[in-house]
Amino acid sequence: MSAVKEKIQNEFEGVWIEFVKGDKAAFTFIYNSNVDALFSYGMKLNSNKNFVKDCIQDVFLDIYEHRKQLSMPRNIKFYLFKALKHTMFRELKKERKKSSLPEDESMSFFTDYNIETKTIDIEVEKHQKELVAKIIKELTPKQQEILYLRFTKGFSYIEISEITDINHNSVRKQVYRAIKKLRKSLTLSSITYLGVLSLLMAIK
């Protein structure tokens, strides 16, 4: 862990300790620091905005009500992402029982990739960026989710395996296969391996 990341992690740990003690300002800080990222991820799992917002509120309500029983998470963002996905699955399971909704129609991974040129340190033509977005959308929903968590949110393979409930070795293979497919498809466009990674990290 770099010195900067370690400093940020230590600061968040201090805030978490205060939150567990009942400090409302610390709770508000944790909420404001993570709610946008949670909403973005939630919307990629389910397109119902109100449902996603309700699940996020349930996550924060649950951790606030049970804060005294919570231990220090090794990564607060990872902890909240995992909690949100668990909550969404739980609520969708309830809905399936009520409406007989097929499981494969209740949770997927929606791709709406907006790649900003200003975040990329290489020159990429418009048609190349569009090609990358098109290819990513052709990946399986699980591959798309793993790439999003890995390159957009920066989670480790082990953290991704816990969020997605997939063996971490399988996560590594999924990333390798997805990037291999991207590189193969983009060979004729002269986009380098660094270019592919830069594009992936620029995904919102």
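Each Cβ is built from the backbone N, Cα and C atoms, and glycine gets one as well.
Copied over from TrEMBL:
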DOMAIN    30-97  domain 'RNA polymerase sigma-70 region 2'
DOMAIN    131-182  domain 'RNA polymerase sigma factor 70 region 4 type 2'
TRANSMEM  186-203  transmembrane segment
In the domain 'RNA polymerase sigma-70 region 2' (30-97), how many residues does DSSP assign to helix, to strand and to coil?
58 helix, 0 strand, 10 coil
Taken over the domain 'RNA polymerase sigma factor 70 region 4 type 2' (131-182), the model's mean pLDDT:
86
